[in-house]
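Per TrEMBL, the features are as follows:
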COMPBIAS  333-346  compositional bias 'Basic residues'
COMPBIAS  351-362  compositional bias 'Polar residues'
DOMAIN    117-326  domain 'TLC'
REGION    329-373  region 'Disordered'
TRANSMEM  26-51  transmembrane segment
TRANSMEM  83-102  transmembrane segment
TRANSMEM  123-147  transmembrane segment
TRANSMEM  167-185  transmembrane segment
TRANSMEM  197-214  transmembrane segment
TRANSMEM  220-240  transmembrane segment
TRANSMEM  252-274  transmembrane segment
TRANSMEM  294-316  transmembrane segment
Amino acid sequence: MAIRKKSTKSPPVLSHEFILQNHADIVSCVAMVFLLGLMFEITAKASIIFVTLQYNVTLPATEEQATESASLYYYGIKDLATVFFYMLVAVIIHAIIQEYVLDKINRRMHFSKTKHSKFNDSGQLSAFYLFSCIWGTFILISENYISDPTILWRAYPHNLMTFQMKFFYISQLAYWFHAFPELYFQKTKKEDIPRQLVYIGLYLFHIAGAYLLNLNHLGLVLLVLHYFVEFLFHISRLFYFSDEKYQKGFSLWAVLFVLGRLLTLILSVLTVGFGLARAENQKLDFSTGNFNVLGVRIAVLASICITQAFMMWKFINFQLRRWREHSTQAPAVKKKPAVTKGRSSRKGTENGVNGTVTSNGADSPRKRKDKSS
């Protein structure tokens, strides 16, 4: 009897290409594990930390709100689990937009590799910025931020948040954390990774700073203002890719970008430099979440001012680069060739007028026939 040899093949391993092509399915399976965990009593306590918002407090009804009690939230270490779960959700939504919207447009437009990458980037960000602007504006209106600007610094620390406010910040952190694995999934070029890391890091630093320092009111206003300007830029770039003659959107964005930077500085100085500086309670207290001290206020204003200066520097470089591109692409004025007597040089006939190659046969003189001896 023949003895069968044992198979020495190693078990299948998830290759790089497999992960790139099926990352949405893999992430969906991981997210479903947490959702299915809610169905069983043993795993429900662990899964609920990932899926639902934590640290809720029910306040009794007051004279102003005698009808029902209010449920508010504060932050804690368990929020990291919630951010992780909604980061997975952001990866899934990213893949859905890419597959069912952006990829179909790319097939019709036949973009180059460079335009293909930029189009996908602007398409994803424009959808996120539009959704965040609408959601943030709804919160501003519902909580009377627009009618009463003093709410930005009044009754600080703002350690208790409504459900909409906390879920907004959790979603923002989850989206920008999901951008890290997307650098791997989208095969980002190595030379573009440092720029993307700085871009993502600035968002996470400021959003997390506003969340942890209980400056969520100011952070919400500045985010909506910034997202609106960024949405206009990316939607203008989408129109530009479809028709390169479209330039009006960039002109409007340039004006609003400068105004947005000025409004950001004004609101920051008004809230941190004047409103919080005049508050009665200016003692550092971690238990109540009060960070209204001179050192923290200076750090907050310094980080905002440095970031706005950095953005203006990038903006000026962008505008100068566009100006150079337009100046080089402008059609040069053709000079009339000077009429010279006598025979034209052989070099002139080969290179055409002013050294340019001519394809028209009428521009080159006919060769003379050799006289027969």
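Yeah, the Cβs are placed from backbone N, Cα and C, and that goes for glycine too.
Sequence-distant residue pairs (6 or more apart) of the transmembrane segment (252-274) and the transmembrane segment (197-214) include fewer than 3 whose Cβ atoms are under 8 Å, leaving the two stretches without contact. Within the chain, the transmembrane segment (26-51) has long-range Cβ neighbours (under 8 A, six or more residues past its boundaries) at 19, 78, 81-82, 84-85, 88-89, 91-92, 95.
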